[in-house]
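Report on the following structure.
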Amino acid sequence: FPYQGSSIILESGNVNDYEVVYPRKVTALPKGAVQQKYEDAMQYEFKVNGEPVVLHLEKNKGLFSKDYSEIHYSPDGRRITTHPLVEDHCYYRGHIRNDADSTASISACNGLKGHFKLRGETYLIEPMKISNSEAHAVYKYENVEKEDEAHKMCGVTQNWESYEPIKKASQLIVSTEFQRYMEIVIVVDHSMYTKYKGDSDKIKAWVYEMINTISESYRYLYIDIIVSALEMWSEKDLINVETSAENTLKSFGEWRAKDLIHRISHDNAQLLTATDFDGPTIGLAYVASMCDPKRSVGVVQDHSSVNHLVAITLAHEIAHNLGVHHDEGSCSCGSGYTCIMSPVINSEVIKYFSDCSYIQCREYISKENPPCILNKPLRTDTVSTPVSGNELLEAGKDYD
């Protein structure tokens, strides 16, 4: 890397080795096209290791449900629900041109922030904190100074799981019938709200970036992740959030069944907390529990200043709900890569589910066919997109 200087402080932490790049937008709008704040497709040029690259981005149009809502609480405890317009959002996925194996997950809200894979290597990109400058830092995760080197783990253990023999991937037939649609509610607890100093815009950006990242990983499992709502416990927690992940998970599941499910149509809920769970645990979820009112839930600790690492923990816990177990020795997601369902989160950027995860998810869906994820929800861009009549299914269907 032709890097400048030594260490730099970015949102993701202290970065020791980085390249300064100046992304140049090269998108040309078709004649007569209406200028959106964030176009459906964009391209940026910049250099990595001195080599020019073209980053092609397409808006993640399925990110929000048609009736997406945001909920917070007033000081006197009243619930305030808003339905913000999210069609013109700034979350994209894409690839590097002329690199068939490349992927990218980027937020373009204030500069470019996210990650991309180029020639098999994963890089992070984010704007540098220089006013009136287009400068961005490009770096590898290994160059972020680690806050602590302790192992971080999922709390799901073998007593939570029931292992069954796994078929080979080649024995499973895949067709478009396998496509599923998971509407998710993210709940941000009071400790997390306080951690971000009550800045709801910052919290929203943090959560949206995570969902944009995991939606890319879930495409491999033929599952669309759609955000139904973001609820912030702005005044106080609505359950007892404890350092015991197990107790917190149980309380959260009970609260979902008694409260959340009756006011928001969704299939799965995940609690994000700044509470430090006991031991090395950073997340916990029920296994094979999708669509169950009390058990289609997980709890995730906001354990890193690197958004991607928390996103992968979220992806991991949701996968448990979908009947996916921890990877064992022979599971693989490509040579040299750690996969999403590794029981330990180590210090590298993880992006892929293993062959074992794919098979377990497909088997769970084939056998159990959880009904709540069958329907294709109305997307935020439905109004402007011609669709056939049978796609306009009613979204409010969950637990009648």
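Quick reminder: no glycine exception, Cβ is built from N, Cα and C everywhere.
Record features, source Swiss-Prot:
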type	residues	note
ACT_SITE	GLU317	active site
BINDING	GLU183, ASP267, CYS372, ASN375	Ca(2+) 1 binding site
BINDING	HIS316, HIS320, HIS326	Zn(2+) binding site
BINDING	VAL387, ASN390, LEU392, GLU394, ASP400	Ca(2+) 2 binding site
DISULFID	CYS291-CYS372	disulfide bond
DISULFID	CYS331-CYS356	disulfide bond
DISULFID	CYS333-CYS339	disulfide bond
DOMAIN	180-377	domain 'Peptidase M12B'
SIGNAL	1-6	signal peptide
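Known features from Swiss-Prot, placed on the structure.
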| residue | record | Cβ neighbours (10 Å) |
| --- | --- | --- |
| GLU183 | Ca(2+) 1 binding site | 27 |
| ASP267 | Ca(2+) 1 binding site | 27 |
| CYS291 | disulfide bond | 19 |
| HIS316 | Zn(2+) binding site | 29 |
| GLU317 | active site | 24 |
| HIS326 | Zn(2+) binding site | 23 |
| CYS331 | disulfide bond | 20 |
| CYS339 | disulfide bond | 22 |
| CYS356 | disulfide bond | 21 |
| CYS372 | Ca(2+) 1 binding site | 21 |
Close recorded positions near ASN375 (Ca(2+) 1 binding site), where close means Cα within 10 Å, chosen from GLU317, HIS326, CYS331, CYS333, CYS356: none
Reduced DSSP assignment, CYS356 (disulfide bond): helix
Pairwise CA distance, CYS356 (disulfide bond) versus HIS326 (Zn(2+) binding site), rounded so that it is a whole Å: 9
Alpha-carbon spacing, CYS333 (disulfide bond) to the residue listed as 'active site', which is rounded to whole Å: 18
Conformational class of HIS320 (Zn(2+) binding site) under the three-state DSSP mapping: helix
CB contacts for HIS320 (Zn(2+) binding site) [other CB atoms within 10 A, all chains]: 24
Candidate nearest GLU183 (Ca(2+) 1 binding site) in space, where candidates are the recorded positions CYS291, HIS320, CYS331, CYS339 and distance is Cα-Cα: CYS291
Output field, Zn(2+) shell: CB within 8 Å of site CB centroid, site HIS316, HIS320, HIS326 dropped: CYS154, VAL156, GLY283, ALA285, GLU317, ALA319, VAL324, HIS325, ILE340, MET341, PRO343
Subset of recorded positions (ASP267, CYS291, CYS331) lying within 10 A of CYS339 (disulfide bond), CA to CA, in sequence order: CYS331
Distance check against CYS291 (disulfide bond) for the recorded positions ASP267, HIS316, GLU317, HIS320, HIS326, CYS372, keeping those with Cα within 10 Å: ASP267, CYS372
Count of other CB atoms lying within 10 Å of the CB belonging to ASN375 (Ca(2+) 1 binding site): 18
Distance from HIS316 (Zn(2+) binding site) back to CYS331 (disulfide bond), taken between C-alpha atoms, in Å: 15
Rounded distance in angstrom between the Cα atoms of the residue listed as 'active site' and ASP267 (Ca(2+) 1 binding site): 14
